[in-house]
Number of protein chains: 4
Amino acid sequence: MAGNSIGQCFRLTTFGESHGKALGCIIDGIPPGLSITESDLQKELNRRRPGNSDFVTSRKELDQIKILSGVFNGVTTGTSIGLIIKNTNHRPQDYDNIKNIFRPGHADYTYEQKYGIRDYRGGGRSSARETVMRVSAGAIAKKYLREKLGVKIHGCITQIGNIKCEIKDLDIVEKNPFFCPDPNKINLLNKLLFDLKKESDSIGAKVTIIVNYPPTGIGEPVFDRLDADLAHALMSINAVKGVEIGDGFNVINLKGSKSRDELTRKGFTSNHSGGILGGISSGQQIILHIAIKATSSIGVPIRTINNNGEEIEIITKGRHDTCAGIRSVPIAEAMVAIVLMDHCMRYRAQCGDITTNLISLK
Amino acid sequence: MAGNSIGQCFRLTTFGESHGKALGCIIDGIPPGLSITESDLQKELNRRRPGNSDFVTSRKELDQIKILSGVFNGVTTGTSIGLIIKNTNHRPQDYDNIKNIFRPGHADYTYEQKYGIRDYRGGGRSSARETVMRVSAGAIAKKYLREKLGVKIHGCITQIGNIKCEIKDLDIVEKNPFFCPDPNKINLLNKLLFDLKKESDSIGAKVTIIVNYPPTGIGEPVFDRLDADLAHALMSINAVKGVEIGDGFNVINLKGSKSRDELTRKGFTSNHSGGILGGISSGQQIILHIAIKATSSIGVPIRTINNNGEEIEIITKGRHDTCAGIRSVPIAEAMVAIVLMDHCMRYRAQCGDITTNLISLK
Amino acid sequence: MAGNSIGQCFRLTTFGESHGKALGCIIDGIPPGLSITESDLQKELNRRRPGNSDFVTSRKELDQIKILSGVFNGVTTGTSIGLIIKNTNHRPQDYDNIKNIFRPGHADYTYEQKYGIRDYRGGGRSSARETVMRVSAGAIAKKYLREKLGVKIHGCITQIGNIKCEIKDLDIVEKNPFFCPDPNKINLLNKLLFDLKKESDSIGAKVTIIVNYPPTGIGEPVFDRLDADLAHALMSINAVKGVEIGDGFNVINLKGSKSRDELTRKGFTSNHSGGILGGISSGQQIILHIAIKATSSIGVPIRTINNNGEEIEIITKGRHDTCAGIRSVPIAEAMVAIVLMDHCMRYRAQCGDITTNLISLK
Amino acid sequence: MAGNSIGQCFRLTTFGESHGKALGCIIDGIPPGLSITESDLQKELNRRRPGNSDFVTSRKELDQIKILSGVFNGVTTGTSIGLIIKNTNHRPQDYDNIKNIFRPGHADYTYEQKYGIRDYRGGGRSSARETVMRVSAGAIAKKYLREKLGVKIHGCITQIGNIKCEIKDLDIVEKNPFFCPDPNKINLLNKLLFDLKKESDSIGAKVTIIVNYPPTGIGEPVFDRLDADLAHALMSINAVKGVEIGDGFNVINLKGSKSRDELTRKGFTSNHSGGILGGISSGQQIILHIAIKATSSIGVPIRTINNNGEEIEIITKGRHDTCAGIRSVPIAEAMVAIVLMDHCMRYRAQCGDITTNLISLK
């Protein structure tokens, strides 16, 4: 059943397969009056784009975004925005050999079980290529949040394999191929990934998203809590296996006296909650972590079955990332932006003017 | 904006405050022909009910459920089901002293920021008392899944504080006050909670949910993936700060060659994925973990502010759980049941008969 | 599938059968800060209530509304509102004789076809008794619209049988048992209905709804146009067979030069459009008409079949309206109020402050 | 707020302006396994296409549809379908003169009131050009309904101006430029429209939609009734001012003894209800009527105002239909198909196999 949409007030709907003619989306509900150009979107797409380093797929896609509607004279009109990216470097023939084979760790088997038919070329709809439209829509949401509400979203890698990165300097995130915020770890990451590439293997990662200056009061009890909707959006990204808000799984071993945040005249003195209380933003920094599993398409052989149930050993060729988690950074930022945008609008529907709830403007 | 509903085909909408007149819900979309009695629901409610052990709130609520519609001669008719539980042991006067105070770790501050008004009695709508209706609706979903589709959902505690419990014996889960599946840890848990109670403190917990015999093929790419919808539902439970599927955060340090599941003629030989690939169920056991923070209402004093922004030190009296995570077990089971039920119906809408996708019936 | 909800931002979900224990609803998304008492709702319910004249069903229901949540100290808190009305004068035994019979003109046959089971007592869920919750929710929407936005909704009867009523005086609508706005037609209506009652027959009616001082700019192209959503809401009322906006079916025979509305500095000089252009309100008076068929439950015998497909002749006893259309007036007003409320909030989500678009405040 | 989607299980979302780069849509929820080619869609688009007779706009658009996703090897895969039509014959400069003028009878004024900005070229998003995507999605729904469920949808003109057409022969509908089912009226219609064209005026029309062999049991009480959802879908078409089901507005003057349908062993003996009882299909022919107002863009001058509130007289040049109602026939068919498709799937979600409810297969 229809599951290719996300958001209530700000709603993104997407289409497109890895090796189909094009990928596209419709963004519905955008407020009128926002300046938007294709280069605003392209900039975010380039951050996600394959070919940015040695450790991501070598597939060369320009990912050239076209705005087809909803923007007139450079400004949103309030009507639905259609976006499209044509696939140019698709090589469906690369996938003829896996036509009848279920690649372990991929969705081949489950798509076949669900639909009885599947576009096997590069995973079809299940490919992470689908995320270009998340990033594109996210670029619009990010721009609105930044320009109109002063909200800023930062993503970075905080762990790859056993190398943990501290958030020491967000300014360097865009200046290294790992979106790493820890200058001391860049060489280590480089070595780790270089070694893995030699082994034809891959590795998992942890991505952290920080939202600075979120408005207070967004999030809709009791089911559409802000944290619940963020968890939904982040878990919907390919290969994500865990989501945390604030202290996350560390709360298991924390006493109540240590896991609540003291309130003073000057504000909160700690942020165990990650900026959300009872599903509603407190105005503190929102802090989220996600775990992304290693790419399953690697040069290491594994046993599987084909459409006829026969066993076979495969090595997944093709062009794949050594650490897919890296490119998840702009995707996760985009999903957070989409959810925040939606919730700012949902707040406005019920409670009116949101600018009075902006920390950044106070 | 309207956020008190969950589910598309099987939809739950709830109302009610901790110390209001009653809590209730509407369950919409239930297939006709399911036998349902009030005692089916009561049984699940009793598992969640306060007063079941020394370490949960001493508030005495019978939680007597009434079915008001949608069931005729003991069988669902397909029309919407109305349920109600009256509050009997509400003591609003207990809360007069916190009328103007924002309890740290609670939603008092954020509700005030959002709505400009709040029912301060026991947290009003933000109270976990709201979950009685999740459990009630979940009881119906669980019954349908079990009787019509052979799907079985088991929840248990797998960690409290630093005590980890292995899933050794699901049969003992209902026979100890901790929903603990590990016979060796029951005494340890008892001692831990006894000590905490003496300190007037509280502690976090980890809950694990296992789904046996799920149908293959449920989950709707690309946003309403089964894991994404489960993450949404679980994160919407009070005090949940993290959600994992399968290997969860362990994938960060797993190589691709170790985190994918081999497929053989006899099925998968491992289950790193937790039963979901590309957002669609593979038919393997579905495995989920959640982290629940410690109750913030404890006897340990903490600084906070009141409505006027003045600082004050408070001790939260009232009747509270030493480990709220324990009572989250039936709630988490209920949320998983609601999501699975919804997705079985969503499958059916698009792809037809689901009984052909049942492992249990094969 | 779930179909008992209406509205996006302001959402009403209902439950309850004609002769079940109770009817109820949840209203989700109401802005905080609105004063609401049970008597605000009761007043509207009394307008709809059976027993108000000789020509409506003699079933005696007090329709006593209870507010169970969402209102604290007389004011909405922004959380979901639960409402309930207990059935007191249900006489299920009245319906034993039609247990296995499909009453012509009623939904007995189609409910049986759809669900394979039905609550036959008074039509169960298909009974117009369900509309008590529409009227209750509508009372809240009407109050918000009137008090906060200055919007006023008036309903009246404009035709019963072949007697057409002009809208001469809206002030007399509440002062006669027909909601008739034409003082010259009240005696004629009285005679018509008296004669029909003697024949044990019934008659159709036309209801007109007028909205004064609607905000400009509400309605969401291209599918959720204001007129489309109004048509949906009005057609969802029992027995409604037609909906018109503005000139309605008269446009078929109007030239373009006669069916468009001239715009001058002082505003529009005519209102063929009925206040909506391109699905968006123009700020003019919104004018809607609906056609309600005659009650099928009458004393005139008709042939039908029973569950076994055997033919039988029935006279539908019970307590029924001579002209059900009369009691549709407050129901139609309520549905219009619910749609307008929802669209004012939807406007606000995307476009911000709506008070600048209010004619009444300009 | 997001309003460019229709349907729950089978969901259509559209974008595009009259003189923008392209129009497109996403169809979400389509069952896998349906054969679909671009020519299936093109055939329906050609029925709607301008330039088919002397009395429709002379704008020459090829309306060449491209399927971008969701179809693999000619068959639907169950993933979302992206469709696109590029605008080729757009002449934005034609509209420079109305840049600041609100054309009476059009949505220029209301779009400006709502969004504060508008794409004035040919009405932008408010243009009926948007309906190409309704027709495209409808073609897919129609194909599924016809091939998989045996449901057939027929539209025709039943009145233009004061010329009423009887449904004498549905076979001739595609063989005359008016979709007229009455061979005796074709010459009269021709003369009427010829005369109107000479006067530079336009005229309204009535369109009738007939559904043969609908399944019994579709439609979701109490708000998403089949008739309510059909009314919504039909009223969302440009220029529609009224919707009727079955006897429609004629029921006002019908007694209960004359407006209900007798049931016999062989089925119903009349069809006053139009095939829907209590919001659920009875299996009888579904009969719907809509009223479409005359095009407001005509050669007859009218007074209006501009953005500055100054009065001005305009003649709307451009390329417009003498009777826009004619081209509404395939659009209305498409909307009915989309609603029926959605409701068949909604039925399936809750009640299972729908083929047992098919009259055509019985």
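Placed from the backbone N, Cα and C atoms, the Cβ positions cover glycine too.
Residues or ranges marked as NADP(+) binding site by TrEMBL: C:Arg48. Annotation source TrEMBL lists FMN binding site at C:Arg125, C:Ser126, C:Ser127, C:Asn238, C:Ala239, C:Gly278, C:Lys293, C:Ala294, C:Thr295, C:Ser296, C:Ser297, C:Arg319.
Taking only the Cα positions, the spacing between C:Lys293 (FMN binding site) and the residue listed as 'NADP(+) binding site' is 17 angstrom.
Proximity to chain D, taken as a Cβ less than 8 Å from one of its Cβ atoms, holds for C:Arg125, C:Lys293, C:Thr295 among the binding-site residues C:Arg48, C:Arg125, C:Ser127, C:Lys293, C:Thr295. Same-chain residues at least 6 positions away in sequence with a Cβ under 8 Å from that of C:Ser127 (FMN binding site) are, in sequence order, C:Glu17, C:Ser18, C:Asn238. For chain B, the nearby binding-site residues by a Cβ gap under 8 A number none, drawn from C:Arg48, C:Ser127, C:Ala239, C:Lys293, C:Thr295. Following the DSSP three-state reduction, the secondary structure of C:Arg125 (FMN binding site) is helix. Each of the binding-site residues C:Arg48, C:Arg125, C:Lys293 was scored by the other Cβ atoms within 10 Å of its Cβ; the lowest score goes to C:Arg48. Over all protein chains present, the Cβ of C:Thr295 (FMN binding site) has 28 other Cβ atoms lying within 10 Å. Cα-Cα distance from C:Ser297 (FMN binding site) to the residue listed as 'NADP(+) binding site': 19 Å (rounded to the nearest whole number). Remark: of the binding-site residues C:Ala239, C:Ser297, the most isolated position is C:Ala239 (fewest other Cβ atoms within 10 Å of its Cβ). Counting only the Cα atoms, the space from C:Ala239 (FMN binding site) to the residue listed as 'NADP(+) binding site' is about 15 angstrom.
When the Cα atoms are compared, C:Arg125 (FMN binding site) and the residue listed as 'NADP(+) binding site' turn out to be 18 Å apart. Counting in whole angstrom, C:Thr295 (FMN binding site) lies 16 from the residue listed as 'NADP(+) binding site' by their C-alpha atoms.
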